[in-house]
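**Q** The structure's right below; bear with me while I get my questions together.
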Amino acid sequence: MATATQDTSKETLGFQTEVKQLLQLMIHSLYSNREIFLRELISNASDACDKLRFEALHNAALFEGDSDFKIRISFDKDAKTLTIADNGVGMSREEVITNLGTIAKSGTREFFSKLSGDEKKDASLIGQFGVGFYSSFIVADKVTVHTRRAGAEPNQGVRWESEGTGEFTIEMVDRPIRGTEITLHLKEGQDDLLSSWKLKSIIRKYSDHIVQPIVMKGEKWDDEKKEQVATDEDETVNQASALWARSKNDITDEQYKEFYKHVGHDFEDPLTWTHARVEGKTEYTQLLYVPARAPFDMWDRNARHGVKLYVRRVFIMDDAEQLMPLYLRFVRGIVDSADLPLNVSREILQESKDIESIRNGCTKKVLGMLESLANSEDAAEKEKYAKFWGEFGRVLKEGMGEDHANKDKIAALLRFASTQADTPDETVSLADYIGRMKPEQEKIYYVTAETFNAAKNSPHLEVFRKKGIEVILLSDRVDEWVVSHLTEFEGKQLVSVAKGGLDLGKLEDEAEKKEQESAAGEFKELTEKIAKSLGERAKEVRVTHRLTDSPACLVADEHDVSGNLARILKAAGQKAPPSKPILEINPKHPVLLRLKYEEKRFDDWAAVLFDQALLAEGGQLDDPATFVKRMNQLMLEMSGS
Ligand SMILES: Nc1ncnc2c1ncn2[C@@H]1O[C@H](COP(=O)(O)OP(=O)(O)OP(=O)(O)O)[C@@H](O)[C@H]1O
């Protein structure tokens with residue numbers, strides 16, 4: 001951020017580039033939703049009060065004699081201004097510059113590079129990003145902020161002002177009271193906001209759940225002026241009680257949704273939620289939400305905005321990571337404990353038995369909520385689960401390795417693509433698969449590959465397709481890791497179709513088994529000859545019944561890493577344990593029948609066979625040029641013969 005001009009105490013500073021972009025975009029794409037600015041400013045004011053209450057637990061002097069939190073909304077019809085004031089924690093000069101001049105989220109730059117310029121699309125992206133304070137500029141052409149940090153001297157007040165274009169001014173001012181006051185100078189055409197009735201209806205709609213009282217001056221009819229005039233009495237507009245502490249029956253869906261937008265810093269409605277009071281050894285209330293959409297920084301493991309912790313309705317901390325396992329990091333909401341001490345710190349939380357039991361309880365609750373969505377008979381609920389899976393499936397998969405105690409529950413929630421539909425849509429559960437298994441089938445079969453198409457067209461599937469046996473198609477990077485933790489489901493073993501000797505058990509009849517044995521005998525000489533020719537490249541060469549169309553394929557030995565996993569590890573810069581593939585040949589394929597009689601170019605044929613098997617499973621050749629040369633030579637010879 002560059003300083004443009006500086007005159008003694010008043011400075012003009014430029015916004016961070018991303019803020020400028022955000023402002024532009026917000027003003028244009030969120031205009032139809034302009035009322036949300038008030039929700040955002042009240043939400044910030046409420047957070048500021050929560051923060052001060054928490055800081056004051058250790059230092060009561062910060063209250064400066066006033067511990068009655070309030071958010072005040074007022075307006076001036078003549079000046080066309082609207083003011084939102086709180087007596088929360090306030091901000092120092094440095095905090096104002098950082099908070100109201102930059103966006104401090106990681107991944108901001110990447111996020112902005114994704115914007116398309118299409119207002120509709122970008123509007124929903126912007127929602128994902130969080131609109132916050134900057135939404136003031138949807139209705140205002142100038143915003144003035146007066147603030148002072150709680151506990152600071154009265155001369156440490158800060159005045160910030162901007163027209164929301166490229167820059168803002170900042171100067172130190174006297175401010176006897178702590179907290180923040182934001183004045184919006186409304187744009188032309190926003191006069192309807194200068195009405196008590198209008199403001200109250202917006203507050204009740206979006207901010208009723210706010211814990212602090214939101215107050216406005218009362219009004220009475222003035223006969224002379226023939227209009228409503230303000231009285232001196234304060235009127236509380238919202239319910240001003242902790243929403244989660246109310247009985248479920250007293251809370252409407254709308255209220256739940258608005259509360260979510262506040263705690264989740266989200267712009268859209270949540271997908272679903274669960275609200276319960278847990279009694280017993282540890283007592284707490286949980287109100288947990290699953291968002292409808294993954295935030296843009298979901299893969300940033302340090303991203304904030306998780307579950308908030310309260311102790312007996314007093315806000316303690318944001319994003320108390322101990323309350324949720326990492327693989328459920330998309331969950332938003334609050335936990336209010338009746339047992340923890342008010343002065344609990346992050347360090348204490350790490351050791352706390354209460355927290356452990358709250359985390360276990362919350363985890364079970366979230367998994368249960370997902371389970372009931374997934375298993376619901378109601379099409380709309382099922383649709384929600386599909387949406388959930390699309391957004392958060394990859395994160396949930398992490399739970400397979402992270403949460404041993406709930407592994408079976410998580411496995412039941414997984415959804416896959418399979419050869420049944422042969423599309424990339426991940427809709428098949430393991431239970432669906434088992435329900436469709438052939439009567440003689442004992443195992444759950446899967447294939448892993450780098451892309452969906454590589455999985456779908458994998459030569460390893462040929463015999464399964466011929467016999468009509470469903471195979472799960474895995475092409476997500478974490479899938480290799482998932483299957484390493486998921487060896488069986490409901491007593492059925494999960495096996496890779498590209499690993500180990502293929503034992504189809506009862507899926508094959510006696511005649512087929514006999515035929516395989518005789519093919520193995522008949523091709524013994526050839527397999528030995530190919531093995532000798534390939535030398536170190538293959539661990540073994542053997543006859544297979546996996547293939548119907550392809551001449552050959554590679555498989556990994558039972559306990560070796562699969563070719564796909566080895567490639568993933570390599571791409572991630574890690575060393576895969578050394579292992580060599582097994583080359584399996586199709587005894588019915590004309591190429592192999594021909595190879596039996598090949599003398600002159602046998603080594604070239606064997607090498608090409610190996611290389612094409614490697615290519616077919618998505619591998620890369622060490623020496624592609626030699627492969628091409630060999631192919632061309634063989635092709636020329638064939639055409640000549
Ligand atoms: N009324 C206020 N009192 C004290 N600090 C405030 C106030 N309003 C905003 N801030 C500070 O400015 C920061 C930025 O606010 P902003 O609304 O842009 O984003 P946010 O609330 O952090 O996140 P989101 O964009 O998801 O809403 C806040 O995190 C807070 O530190």
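Positions of Cβ are set from backbone N, Cα and C atoms, glycine also.
Heads up, here are the entries from TrEMBL:
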BINDING   E40, N44, D86, M91, N99, 105-107, 128-133, T180, R346  ATP binding site
DOMAIN    33-190  domain 'Histidine kinase/HSP90-like ATPase'
REGION    1-346  region 'A'
REGION    568-641  region 'C'
**Q** What are the sequence-distant neighbours of T180 (ATP binding site), meaning same chain, six or more residues apart, C-beta distance under 8 angstroms?
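**A** Spatial neighbours, sequence-distant, of T180 (ATP binding site): A45, A48, A85, D86, G88, G90, M91, V145, H146, T147.
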**Q** Would you please pick out, from the binding-site residues E40, D86, the one with the fewest other Cβ atoms within 10 Å of its Cβ?
**A** E40
**Q** So, by DSSP, how many helix, strand and coil residues make up the region 'C' (568-641)?
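**A** The composition, in the requested order, is 42 helix, 4 strand, 28 coil.
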**Q** Limited to the region 'C' (568-641), I'd like the whole-number average of pLDDT.
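**A** Across the residues of the region 'C' (568-641) the model's pLDDT averages 86 on the 0 to 100 scale.
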